[in-house]
Each structure stands twice: as structure tokens, then as C-alpha cells.
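The next block holds one structure in the form of C-alpha cells; read it before the comments.
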Amino acid sequence: MDKQNVQMNPPHPGTNLTGPPGHIGYPGPQAGYAVPPPGYASPGPVGFPVQHQPVTGHPGAPTQVPWMPAPLPPLNCPPGLEYLTQIDQLLIHQQIELLEVLIGFETNNKYEIKNSLGQRIYFAAEDTDCCTRNCCGPSRPFTMRILDNMGREVITLERPLRCTSCCFPCCLQEIEIQAPPGVPVGYVTQTWHPCLPKFTIQNERREDVLRISGPCVICSCCADIDFEVKSLDDKYVVGKISKHWTGLIKELFTDVDNFGIQFPLDLDVKMKAVMLGACFLIDFMFFEMTRGE
């Protein structure tokens, strides 16, 4: 028998395929299912979802900021500060409050604290009553509660009401850092100077550890403002706290501020937390002004 090359086209759904003599035929494909072209594998079983697929929101939905995975806490590390053992940089982003932008009503500040990869480490929320916020303005005393990814308060910042005039070297600004809440791990105290913003970082025993020095003029357009963190003898720069330029619109019409903190990777985690507290004190002292004043 001569062999002929016959190219068969896919049958229509519902028809039977003819086989060798004596066979009753093969059932055709079900209606509604396409027959794969020659050379392609047939589809697998239907009805089972594909596992381990990333879930994405619909277009226009707000993106969820990922949290930094919690590392194993080292010995003698206050609970919640183990995140700081693996980083040498923090990014602080203040959230925009619509009510404050529209009518100028001062609300409690909220911040996202992230690492250099954009992963959220902490969430900070101010806890101050309405009367104090709107009567004292940026000079107000406040309690800042810093939460981890489990919603636990791991750091508490306490700023008392102090004098804001540089002409009087008494009752200068100060902030206390507690980790965990109720256990002081350090302080940031203002050092009097007629022209420069200066601060001292202290440990829980109020012993001086580092110094902070800012520029003479706390004003800049389209550029960052750096506060250098130095050794006690002012010879070495070990880090800095930078107020980032957020853009002309935000700078003019809101008091939303973004900061960056850089410190040595091997710095004591307690001092890293104290530098975080210094950042909030600097924000309220120099950049938390109501727009239009």
C-alpha cells in the first residue's frame, strides 16, 4: 500500500474521529473548547487554581507598602529595636493631612519610617490633644508613639514644653527617647548657640555621646538641609540627619517633610533610636511651620 502524507485539519466540536476498521470512533472535543494546533501539548486539567501566584490589585488601587521582615533580636537589644541592627539609613516620610491642607487645622502628625529599600520599619503617630496642637503650634509638647509591623508600641518620644527663643540659654529644647515605653534609652538636648542649631545626644545615664550641628540658615530652595552628627571633639562626622527637598508645591502649601538619617551600621541600636528622636525634634523646631505664616 502506498503511503501518502495526509495533513488533517482539526475537526469541529461534537464530531467523531474515525479510527482503524472495527473501532467505533473516538469522542470528539467538547463544545466550547479549542483544539490545540499540531505540535502543541493539550491543556491540563481545568478547575484548579494556579498556586503561589503574586496577587495584584486592580488598576488605580492604592499600593500596599511592604514591611521589613523582622530579624532575630540580638542579646541585650530592647524589643522592637532589632530592625535597626541591620540598617545604616532611615527614611522618614510625613503623611499629608487633607484637613490641615484645606483649612489649616493642625492635626496629629503621622510618619512612615522605611529602610533604603522602601520597606516600612515603623509607623509613627503623634498623640497630642487638639487644644495643645492649635494653641502652641510647632512649639507644642508632644508624645510620639512608634509602632512596629505587629502594631506594638516599641519606641516612645516625649518632648516637654520648653522655651523656643535662642536669646535665653535656659529651658532649652529636649526630647526623651524610651524603648520600650517607660524605659529611657537616651536624650537629645539643645546646646545654646547664638547662630547655629546645636544638640547633644546623651545615653540613658545622661552622658554625652555625640553632637549634632546644623547650618546657620535653615532655609534652602531645591536642595537638602544637612545636620551633621559628629564625635564629641567635633573631629569626625559619623552620620547626618537630612531634611529632603519635597518639591515646590509641597514646600509652599503643606508642612509635610521628608527626612533621611544616616549612621554607622555598628552603632548601638539605642543611639540609632535616639537619632530618630533627634530627627523629630529638628522637624518640629525648624520645619513644622504652618504655611502662610
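Every residue, even glycine, has its Cβ placed from backbone N, Cα and C.
Keep in mind the model is a prediction, meaning the values are calculated, not measured.
Swiss-Prot annotations:
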- Cys166: S-palmitoyl cysteine (LIPID)
- Cys167: S-palmitoyl cysteine (LIPID)
- Cys170: S-palmitoyl cysteine (LIPID)
- Cys171: S-palmitoyl cysteine (LIPID)
- Thr143: phosphothreonine (MOD_RES)
- 1-66: region 'Proline-rich domain (PRD)' (REGION)
- 1-39: region 'Disordered' (REGION)
- 1-270: topological domain 'Cytoplasmic' (TOPO_DOM)
- 288-293: topological domain 'Extracellular' (TOPO_DOM)
- 271-287: transmembrane segment (TRANSMEM)
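Sequence-distant neighbours of Cys170 (S-palmitoyl cysteine) (same chain, 6+ apart, CB under 8 A from its CB) are Cys163. Taking a C-beta cut-off of under 8 angstroms and a sequence separation of 6 or more, Cys171 (S-palmitoyl cysteine) has the following same-chain neighbours: Arg162, Cys163. Note on Thr143 (phosphothreonine): other Cβ atoms within 10 Å of its Cβ, all shown chains, come to 15.
Taken residue by residue with DSSP, Cys171 (S-palmitoyl cysteine) is part of neither helix nor strand, so it is coil. Predicted-model confidence for the region 'Proline-rich domain (PRD)' (1-66) is 49, expressed as mean pLDDT.
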